[in-house]
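S.K.: Below is a structure I'd like to ask you about.
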Ligand SMILES: [Ca+2]
């Protein structure tokens, strides 16, 4: 099951930040309602709600960069829940806030809080939305049926490794949060994110030896309105283009069979079309067999 989340350290920091902002916003809210001072009004645009795998995702854009959280509750003005950001490393204007286990088919009131780097807290007007009738069930299960047989040779624990990458979010090392290695660690809760490479994002994955590669899997990341790869180009080690593949959204791994198997010890994946921004991948898989001669020698 896919979880939109972050590594534990980032999560902890975010939790602390969230609590700090929650405290500020709570008292700020009291101050605003009692004396109408201290808290400026936040104008968030493009507010969008989506429901996946039991998560409620609130995405929107703010004019000023900062960190956001979305306070939620079933009664107007009373907020019991907080949707936190899934990408907290640095102030930003495109926000993607996630909360698990809201009740399905239920009306929630919300208020968006923005903490700016200057220490200002802004809050939006109250809005409301209704959760999906079957929020927990909104998950595809085509993955298992389409998954190729055999070993995923791109997987880190199977000898896969990162040969190169266009960039990692915030300049992170490949083996850190948002680094390229997060795309081959077998963990759906970690993601490689480029640092705003959009359609120019690419990643090269090497295998422990040359294989007859016949299929790939690619699971694009998303930040709601951006960061999603729509079309993927795949090249072999010698630069031969093996095909372009249309991705059908960020919900799950999507598998593709190559027109013909190719002998190669690495693959390069390029974003050919995307919704821009911090494009990247949750997971990338590669399937292949050893050449006949090696199979016979085993
Ligand atoms: Ca991963």
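Glycine residues also receive a Cβ, built from the backbone N, Cα and C atoms like all the rest.
Feature annotation from TrEMBL assigns compositional bias 'Polar residues' to 124-134. According to TrEMBL, the feature domain 'F5/8 type C' maps to 150-289. Positions annotated as region 'Disordered' by TrEMBL: 124-147. What TrEMBL records for 1-22 is signal peptide.
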S.K.: How about long-range neighbours of the compositional bias 'Polar residues' (124-134): same chain, 6 or more residues beyond its ends, C-beta under 8 Å?
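M.R.: Contacts with the compositional bias 'Polar residues' (124-134): 41-44, 47, 49, 51, 56, 76-77, 102-113.
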S.K.: Could you tell me how many residues in the compositional bias 'Polar residues' (124-134) are helical, how many are strand and how many are coil under DSSP?
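M.R.: The compositional bias 'Polar residues' (124-134) comes out at 0 helix, 4 strand, 7 coil.
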S.K.: What are the helix, strand and coil residue counts for the domain 'F5/8 type C' (150-289) according to DSSP?
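M.R.: Breakdown, helix to coil: 13 helix, 73 strand, 54 coil.
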S.K.: What average pLDDT is reported by the model for the domain 'F5/8 type C' (150-289)?
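M.R.: Over the domain 'F5/8 type C' (150-289), the predicted model scores a mean pLDDT of 95.
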